[in-house]
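Pulled from TrEMBL, these are the features on record:
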- 435-462: compositional bias 'Basic and acidic residues' (COMPBIAS)
- 469-485: compositional bias 'Basic and acidic residues' (COMPBIAS)
- 7-427: domain 'Major facilitator superfamily (MFS) profile' (DOMAIN)
- 435-485: region 'Disordered' (REGION)
- 6-25: transmembrane segment (TRANSMEM)
- 46-67: transmembrane segment (TRANSMEM)
- 79-112: transmembrane segment (TRANSMEM)
- 133-152: transmembrane segment (TRANSMEM)
- 164-183: transmembrane segment (TRANSMEM)
- 245-266: transmembrane segment (TRANSMEM)
- 278-301: transmembrane segment (TRANSMEM)
- 313-333: transmembrane segment (TRANSMEM)
- 339-357: transmembrane segment (TRANSMEM)
- 369-391: transmembrane segment (TRANSMEM)
- 403-425: transmembrane segment (TRANSMEM)
Amino acid sequence: PPDGGWGWVVLFGAFVSIGFAYAFPKGLAIFYKEIQDFFGTSYSEIAWVSSIMLATTYGAGPISSILVNRYGSRPVVMFGGLLCGVGMISAAFCTSILQLYICVGFITGFGLALNLQPSVIIVGKYFLKRRPIANGLAMAGSPVMLCTLAPLNQFLFENFGWRGSFLILGAILLNCCVAGALFRPIGAPTALAKTPVTEEGKDALKGKITEDGPMENKTEEEGGKDCFEKVNQYLDFSLFKHRGFLIYLIGNVLMFLGFFAPIVFLAPYAKHTGIDEYSAAFLLSILAVVDMVARPATGIIANSKWVRPRIQYFFSFAIAFNGACHLLCPLASSYTGLIVYSSFFGLAFGMVCAMLFETLMDLVGAARFTSAVGLVTIAECCTILLGPPIGGILIDTFGDYKYMFIKCGAVMVLAGTFLFIMNYYNYRMLAKEEKERKTKEEDPKSVRIENEGKKTWIKDSTQDGPELEPLREKGEEVKKEMNGT
């Protein structure tokens, strides 16, 4: 990875694309009270709009990963921006809450999924040494966009109504196409490099089938193997045997049950306590400003030599800190208390988001990161889908917002504690396995057996004939050139 150069331009495109993907569902909360009165729905019913959008954004992760592996990040992001614009423009003409679920929830949510995954993936391809900082800066797009969208949405609503606002927002989302155009591919496409080898392998296998025996059964086996290889080429399901990946997956699935609901209901909660609309929208701006500073700062801290080797502990602390803020939120009864809560919430939220994908890449490596993102997001979509509606049900049942905040806080503290304990166990097991490997390497008998195995493999490989003939000829030419002939 160049760790700079055009990578900074790519980082700006990811900043815009990720910003819309994360901030847009939160910014729509400004319209929920008015849409709820217009359609005569309950809190839990209107909360499904954000839930479906977020769940589609995360649930479409594998589809996005497959498309990125097949076509690259640039066309996928541009197509996603087009879908976002179409979804919001269509939503402006909706006449029922069900139509809003389809246009805003599914169509726009799927477009945001095609923005989010490729942007995160391409940042990891352009940066290595500065990757935590680059991820922190890219993820800072979310609070910047939220800080802008919260007052903008309020202004648009007062001047154009929610239908006119949706039309304008659809046009704004088309800027994701411009951001995607900046994603210049890096390196040679892997699919083109693998094609000749695969075709040769198929030809050789077909030749062997005709020589060895019955063709029908072996052709079926070959077809089954090819199908599995094609699926595994785009989504690496062997990650489910990876201990660190499973720990990360379980902890994050639990965390997202209480991650987005407080943001969705922060502005309605402020209005419920008697605060005017602009002041309620200003709380989201405060959260966004603190979040904006917290994400790059967290990236710099995570990139330090003291934190990066144990970044999983830092991530666990950030999740638990986030949950503690929600548990203390019911104590904030005045507007000043809500400002303090929004500030600490923005800090904790920014810390979690800055390390969300960096910790995953730290566990599985850059080569398997594309598949890991797709598999993680589809597993998380269930809890993301259920989080805000469960909060809405608690509000409708008890007539008070504090139970929703307590539920979210308790879930996140539990998730942070789980990740801390299990990551400690994972680090211990990795150290033990590394020690065993070194002991095995130092044992003369095992080294001798291993060397004999290598010699046998080399001997067998050199007897393979035609496949290695070009390599032998090239090696002989290099030797001649070195000898001056």
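Along the chain as shown, the residues are counted starting at 1.
Cβ coordinates come from backbone N, Cα and C, glycine included.
Curation plays no part in TrEMBL annotations; they are all automatic predictions.
Sequence-remote contacts of a segment are chain residues at least 6 beyond its ends whose Cβ falls under 8 Å from one of its Cβ atoms, and for the transmembrane segment (339-357) they are 22, 120, 124, 132, 135-136, 139-140, 142-143, 252, 255, 259, 262-263, 266, 283-284, 286-299, 302, 311, 314-315, 318-319, 321-322, 324-326, 328-329, 332, 373.
By the Cβ criterion (under 8 Å, sequence separation of 6 or more), the transmembrane segment (6-25) is not in contact with the transmembrane segment (313-333), since fewer than 3 such pairs are found. Against the transmembrane segment (133-152), stretch 278-301 has more CB pairs under 8 A than any other of 46-67, 164-183, 278-301, 313-333. Two recorded stretches are said to be in contact when at least 3 C-beta pairs lie under 8 angstroms, sequence spacing 6 or more; the transmembrane segment (403-425) and the transmembrane segment (245-266) meet this definition. Beyond the ends of the transmembrane segment (245-266), by six or more residues, the same chain brings 25-26, 29, 47, 50, 54, 239, 280, 283-284, 287, 316, 319, 322-323, 326, 329, 342, 345, 349, 352, 356, 359-360, 363-364, 372, 375-376, 379-380, 382-384, 386-388, 390-392, 395, 401, 404-405, 407-412, 414-416, 418-419, 422-423, 426 to within a C-beta distance below 8 angstroms of the stretch.
Taken together, the residues in the domain 'Major facilitator superfamily (MFS) profile' (7-427) have a mean pLDDT of 81 on the 0 to 100 scale.
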